Amino acid sequence: MIVMGIESSCDETGVGIVRWNGDGTCELLADEVASSVEEHARYGGVVPEVASRAHLEAIVPTMRRALAVAGIAKPDALAVTIGPGLAGALLVGVAAAKAYAAAWDVPFYAVNHLGGHVSVDTLEHGPMPPCVALLVSGGHTHLLHVEDLAKPIVELGTTVDDAAGEAFDKVARLLGLGFPGGPALDAAAQDGDRNAIPFPRGMTGPRDARHDFSFSGLKTAVARYVESKERAGEVCSVPDIAASFQEAVADVLTMKAVRAARDVGVDTLVLGGGATANSRIRALAEERCADAGLTLRVPKPRLCTDNGVMIASLGAHLIAGGAAPSLLTVASDPGLSVATSQVFS
């Protein structure tokens, strides 16, 4: 069984093609991505209208490239991100997927973007055991309990305000590091002291929700620190600020992820989402998982960011689990809950 996946929830137009191996894994046949990040960089962040127009221009050429790389005329099934994401961006991918599914006369599966970030790990590390997944990106920060990729995912916790990746972008903009902020902050932090500034760790008190996150206070603390230095006529050390901010984010993310794994009784932690490409998040996760006796699974950075392969992979797992196709009348859902792996109608 060969499955094509289409991803258009934000600023990447991704088309991936996989072959289901029948053992809980997929073989990667094609992974084509067209990104509009350079267009958004001019505005300091993702502009929904710009993203939608970029998807319109890129979707068909990207699909054609993926088919050519895979060496096939059409897939056996087609999966698409139905949500969550930007409304206009989702609409482009869903419309294309419906049109091609009808033209090719292949089954159509409307699947969850967040579930794809978990599923894609199986391409690199094999069948997925029961696990806790930490998903971190510009729009999402979630702790998930995954028993089976073909079954509903349980959300253990999420951010109550800013996503971690969003905080990275805002702090990078404050420091004049440009967009996207994650890679820029990570690079700046390499020359800084992560213990230089004691930035706060949000929602880590004894009365706070064990598995939820908050990054707005941290973002504000960085802004106030910079303002205080400027008022005093002192020079800010951008590397120290970047390293200290990055440490505060990584500290909370990894501490709560390990805690969640212990709480639900699993021995595997999976990282996913574009922000998990951050070097400090990965390093601290490795350190804390080793101390806790947990197995850490982290896909290579290309598979952590948005791509069509993750959607094809989730579609393949759902099909193998006996899921019925979605109706072509299904509508995209920008606010789709992570507990809904597939939308049928």
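Including glycine, each Cβ sits where the backbone N, Cα and C put it.
Site annotation (Swiss-Prot, ligand substrate) includes Leu135, Val136, Ser137, Gly138, Gly139, Asp169, Gly182, Asp186; from Asn112, Asn195, Asn278, the additional listed residue is Asn278. Comparing Ser137 (substrate binding site) with His117 (Fe cation binding site), their Cα atoms are 10 Å apart once rounded. Neighbour density at the Cβ, taken as the number of other Cβ atoms within 10 Å, is lowest among the binding-site residues His113, His117 for His113.
Counting only the Cα atoms, the space from His117 (Fe cation binding site) to Gly139 (substrate binding site) is about 13 angstrom. Comparing the binding-site residues Leu135, Ser137, Gly139, Gly182, Asp306 on other C-beta atoms within 10 angstroms of each C-beta gives the minimum for Gly139. Sequence-distant contacts of Asn278 (substrate binding site), defined by Cβ-Cβ distance under 8 angstroms and a gap of at least six in the same chain, are Phe168, Gly182, Asp186, Gln246, Ala250. Between His113 (Fe cation binding site) and Leu135 (substrate binding site), the C-alpha separation comes to 11 Å.
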